[in-house]
Amino acid sequence: MASQDRGRDRSSRRLTKKRKDIGRDTRGLSLDIPERFKDGDDAQEDVTAPKRSDAMSMNQSIFSIIARAGGQSQVDLGTMQEVDSGDSDDDGKGKTLHDRLDGAARLSRLRTANDFRPPQEDSRAEKIGSGKHRRALSENKLLRSLPKLKISSRKDVRSDGQHTDQMSSSQFLPPRPSTETPSETHKRGDALKGKARATTGDEIHVEKQRKSERRGGQGSSVGLAQSRGPVSLATRIQQIFEFEHAEEVISEYPCWLLQSILLQGYMYITQKHICFYAYIPKKHHDVSKTGYLYKRGRSKYNRYWFILRGDVLSYYTNPAELYFPRNRINLQYAISAEVVENKKKGEYETIFTVTTDERTYQFKADSAASAKEWVKSIQKVIFRTHNEGNSVKISMPIRNVIEIEESSILDFADTVKVRVVDNGETFAIDEYFFSFFNRGQDALNVLRIMINDNEHHQVSTENQVNPTPITAPLKTSNRHSLVVSPIVPDDTPRIKENVRATLSPLPNPNVGRSSISDISARSSTDVPRKSWDVRRSMDASRALRRSSHEVRRSFSGGRSEKLTKSRAPDRSPLSPAADTESATLSLDPGTESSAAIQSMDESSASASQILNRSDVFRAPAIHSAGVSHSERPQQAARHSQDTTRSSGADQHLQLLVRPSKQTNTSLLPASTEAEEDTDPSQTLPRLSNSSSALQEIASYPLQKASGIAGFLRMRSKEMGSLLATESMGYYEKVSGMLAGGRKHYNTADGLEPHDQIHGIEDDDDAAKAADNFREHFAFPESEILQSSFFASLQRMLPNYGKIYISGRYFCFRSLMPTSKTKIILPMKDIENVNKEKGFRMGYHGLAIVIRGHEELFFEFSKAEYRDECAITVLRILENTKYIEEASSSSGVDSDDEAAKAEHDLLQQAREQSDTHEQIDVSEIARAADHDRIPLIFDDPLASFVDFKPPEPLTIVCLTIGSRGDVQPYISLCKELLKEGHKARIATHAEFEPWVRKHGIDFAPVDGDPAELMRICVEHGMFTYGFIKEANSKFRGWLDDVCSSSWRACQGADVLIESPSTMAGIHVAEALEIPYFRAFTMPWSRTRAYPHAFSVLENKMGGGYNNMTYQLFDKLFWTAISAQVNKWRRRELGLQNTSQSKMQANLRPFLYNFSPHVVPPPLDWPDWIRVTGYWFLDEGDTYQPPADLAAFITQARKDEKKLVYVGFGSIVIDDPAALTKTVVDSVLKADVRCVLSKGWSDRLATKDASKPEIPLPPEIFQIQAAPHDWLFKQMDAAVHHGGSGTTGASLRAGIPTIIKPFFGDQFFFAQRVEDMGVGIWLKKVNTSVFSRALWEATNSQRMIIKAKVLGQKIRKDNGPQVAIQTIYRELDRARTLVKKHVKQDDEQTDEFEEDWTMIEEGQDVDVSAHHFEAQSPLVGMNQDAPRTGGGSLVLGSMVMKGAQKRNSESAYRD
């Protein structure tokens, strides 16, 4: 393989020949590659290399001598979590109700609910879920193909560590050969797409449970299939709210639910229910608001740039440095956002706070209006994240409604307050506010009529009995502890149905009163509520550290549930036991602890309430030191995902309760007993006293310092009472560093039962490490730690720390005393891992390739640790990234689609109703804005703006180069013609027939592309040799290109140019028209990728990548500036320009490659858009020759793999040698080949139609065929790596082998290899080429990755995205147009030009820049630029410079 050959080639520079041969022999057939593919004598040859001794490719050009320039930057990603310095982040800790809760205690606050599905539907969903579970990992072909972790001796490590440094993932993680038939392989490959993505370790069971819940727990996905006939509104409401029977709809009203926001929806009043429904699509990645704010630190406010994107509020020290977020606030855990009332009169309220379940953040805006806008935006996000799912549903049984009354909470609408009994257990009372902007009185009258005769109202009227029940001392419920339960009076009607809602109502104003009768009137937090799957309210007590999309919410029924036996008793923040940090202290199970009786709104309880509790006067019981409150990872997974519910009769909590003297045992339910899995032995001390244990260990000889470190680390909990907490933290860090190495906390996925793994930890260490891991990175209990490694993050200086790997995250935490760096990198953002040489002698490097971001470099002390880390990450990537469910890759997407379908169906049914009326939303919005109430609209298209220009435009596309450079513009222009515009392509004359065949106007551009290609191949793109020959031979060629481009663009309204043309930006300036750029390779400055012309074999990091763009721009402009400026003065009538004046980096840019192939870097501004490939599909009408069709059919019949080989119209010195190598490689790999031999078509001295050597029957030669048809017939493709050809082969979903020759081909070869969907050939010879062919056609890992990528690319619509981007950016492009005024005062012009040149800091002779008088061409005004009318003064020039600098702010040179 190419990467294998590259590894040996690079090793040869530092190893002797003997060591290299040993490396080959020791590796041997460990890659499961047949014996015949071992390297031959030609392994170091390259038949495509130029024969000239002075030839220099771009990989050996000037960029290669600038190694690791700028060092490795401080990487942070969007996910970097860095503990702030003391001056900005410590303030506010300890101010909330939850700052003393650990992760387990927070999780125990989670109150799950009964599933709303009927019992028979439960069983049916369970059967469906079990039937759709993925196969066991041992049966998974993709995972089974992964190699076993090899147990190597130290000697093996020393012998193999060096030559494996440069191995790619395809080499150190190869597939095992499959024994299946090709047909079985094909079927099983297709079957993988239908399987749900597997996470690793113990999370597999969790994932299975989640999937089954998603299928059955969501009302929108049950019984909502589209029917052929119209469905009545009553039937649709029955389906959505899951009523037992269809109920007649008495009335429906558009209304707004009033909570922290004003939510638009509809109220439906049926015979038995009052229902509310609103659709709120979640915006996971949209930027809601940006701007500067002050954030409160310890002693002062610090100013940062804030970005509210999705549900994360990030802030930056420098807005231009998107790689270095100061910190991120996850609003999924936020509780409230509010403006702080200013106590000083006359001063504006500019301070606002955001409260999470851990702390309170304080911010200060520049104005009161800005503060309110930020609060409104954050409140919207909080509401979205706290609502269960993508729709708000409230179903209130009419018989539960106690009171309907008007409210004056809003001045601009009629507001109705509905008080309703929540459930039959506690008789808690909820309040909901609904605002009506139309027909409010009608709604109020109907509601009053409907509830006038309900049983609650009658009882309250006749008996004058307070509906709030008397409470009993003890009663079990679905809380994790014992709670107060009401004793229902005999004359109180029984609640047969509970209120069901996906969000919590507003807090009741009676919560804080001391009367015990007011306990029932609570803020919906004392008593557990049933929601969709996992209930989370807007109150502080209900905020939990878990993601809003982590578990699917489901609309709920009853109020009681049965907890799993793995759950621990809850603990309140005010619990006496919560005051200590020791894990050995807990409450006696028999006491009425604060967790057992106290509500989570206890912060507002009065002194009499607190003293009224009997357990206040008792000391907390202390359990034995051996009992740990933390759970095993398996238990934690069940704990975090236990959403099992029942919809039948009440099922009480099973708790181990020891009655005390103060407790009336007669009130305990008879069913209360010990849990089934309670082990009596666990209540006894498992370990002796820490000091005696130390004496015992001291009796043994101390052989290793790491042994003591490990022992002390195991006893850290027991020694917590002896050492100070802060000192213990330093001790744990040091002891961990002393132990070093790596640790695995469970068996890796995909291993066979007899496989072994280094460093496996026992259960005690694994549990403690998992707890520490979740504490460091604030992960939920469901996040299971799998492995950890000690390594150094390579920056300017190595940053020593610890790598943590779980099923979903790759994390790093610095252990350096002065560093607080943390990295939290989702596994889904990792593309690949590459082994590299270490930066330091004796260290071994690992590069993490990340989507849209520069690589992360880590150094390990041993190659063994580096290899295990790489294999661990790759196994997780295989599980989570490439085994996708057919319907959706994540639950979030499927939830969004289900909610949208539900919304559409309900809207269709509502439109059939006569009561449906339109409301003027603008009036409501203005009124709400006056009161500063944030709005959420029901219509997801309410914010859509049509950017399409009213008049058709003449759009010219200017490009030079090969056929691959022209083809994307033909596809774009065809779509522009459909939009009603006039399209024209300006390029080389040889492409005119092809362009005009598609009905597109054409204009010729001079220049011979064959000559340009020749010097590119011989010298490399824009190397010193290229520039030298271009200056000596192609000055006239550049003049012809510029002049012909100027003529071809006359009459254009918009110009789209490939920047390689070099003339377009100047033509657009002269014509004063909007200018866009479009290209097939990265041309905009970024740290994620190097410039396409400066790709090296090694990953050099973000500093090098960014430098290549600056250096290239400087060299490129220096080479052409003199000639271009001369042409500007002579033909365009423009003055000289420079890089800063052109503002090229501020121009809108369209990249016509897929975002799945080249993910947009995080540091690209929003005017740069990766649109997707602009494919030109010509295969629909293509009829293949009969002999080609017969060749393909015969290959399938013979069960032989088909490969395409074609390197385009390249120029090489020895085409015969290349042909012979291709023939020999095809025969050796035992495949069939379709050959497109164009490597001697240009500048050849003989007829290229005659083959240099005879072709065997296994090879079929073609002249041309559409790629979109041909690649569908192939199993793999080999080509030169042009953007269009690469896109075509990747869209077909086949592995791609690339042998780059010049230009951007090296870049796409690297991308294909990084994604794991192909191979980058460094050399072409029989040994390397044949091995690459065999791997591309037999590696199931590569085949499946390519297939998945092809599916994603086929979903793109690049031309349409490009057109919409043009529409959106057209106004911005117009603002960059420089207006010119006709010259009429030569002295003023000279004077103005002189000022401009002084601004650039250049000494020039003013007399040397007189313009040559030229007659303007038709349609062109020969103007000269002016900075203003009349005479100039120094002040005007200063203002001009200031405005210019502001316009080029963050993305200029």
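Glycine residues also receive a Cβ, built from the backbone N, Cα and C atoms like all the rest.
Annotation comment: Swiss-Prot describes 1-12 (among others) as compositional bias 'Basic and acidic residues'.
The region 'Disordered' annotation in Swiss-Prot covers 1-57 (among others).
As annotated by Swiss-Prot, compositional bias 'Basic and acidic residues' applies to 22-41 (among others).
Residues or ranges marked as region 'Disordered' by Swiss-Prot: 81-226 (among others).
Taken from Swiss-Prot, the feature compositional bias 'Basic and acidic residues' applies to 91-103 (among others).
Among the features that Swiss-Prot reports, compositional bias 'Basic and acidic residues' is placed at 112-129 (among others).
Look at Swiss-Prot and you will find 153-163 (among others) tagged as compositional bias 'Basic and acidic residues'.
Taken from Swiss-Prot, the feature compositional bias 'Basic and acidic residues' covers 183-193 (among others).
Residues or ranges marked as compositional bias 'Basic and acidic residues' by Swiss-Prot: 200-216 (among others).
Here the domain 'GRAM 1' (235-282) has a mean pLDDT of 83 out of 100. What Swiss-Prot lists as domain 'GRAM 1' is 235-282, and the listing cites sequence analysis.
Taken from Swiss-Prot, the feature domain 'PH' applies to 286-383, supported by sequence analysis.
Taken from Swiss-Prot, the feature region 'Disordered' applies to 500-608 (among others).
Positions annotated as compositional bias 'Low complexity' by Swiss-Prot: 513-524.
As annotated by Swiss-Prot, compositional bias 'Basic and acidic residues' applies to 527-539 (among others).
Per Swiss-Prot, the feature compositional bias 'Basic and acidic residues' maps to 547-570 (among others).
Feature annotation from Swiss-Prot assigns compositional bias 'Polar residues' to 581-608 (among others).
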Fewest other C-beta atoms within 10 angstroms, as judged across S962, S1283, Q1305, which are the binding-site residues = S962
Query = Would you list the DSSP helix, strand and coil counts for the residues of the domain 'GRAM 1' (235-282)?
reply = 7 helix, 26 strand, 15 coil
Message = At a 10 Å cut-off from the C-beta of H1267 (UDP-alpha-D-glucose binding site), count the other C-beta atoms across all protein chains.
response = 27
Key: Secondary-structure category, per DSSP, in which S962 (UDP-alpha-D-glucose binding site) falls   = coil
Task = Could you break down the residues of the domain 'GRAM 2' (771-837) into DSSP helix, strand and coil, giving a count for each?
result = 10 helix, 38 strand, 19 coil
Note = Same chain, |i - j| six or more, Cβ under 8 Å of T1285 (UDP-alpha-D-glucose binding site); the result in sequence order is G964, G1208, H1267, H1279
Query = Can you tell me how the residues of the domain 'PH' (286-383) break down into helix, strand and coil by DSSP?
reply = 19 helix, 48 strand, 31 coil
Nonlocal neighbours by CB distance (under 8 Å) for D965 (UDP-alpha-D-glucose binding site), same chain, sequence gap 6 or more = T959, T987, S1058, S1060, T1080
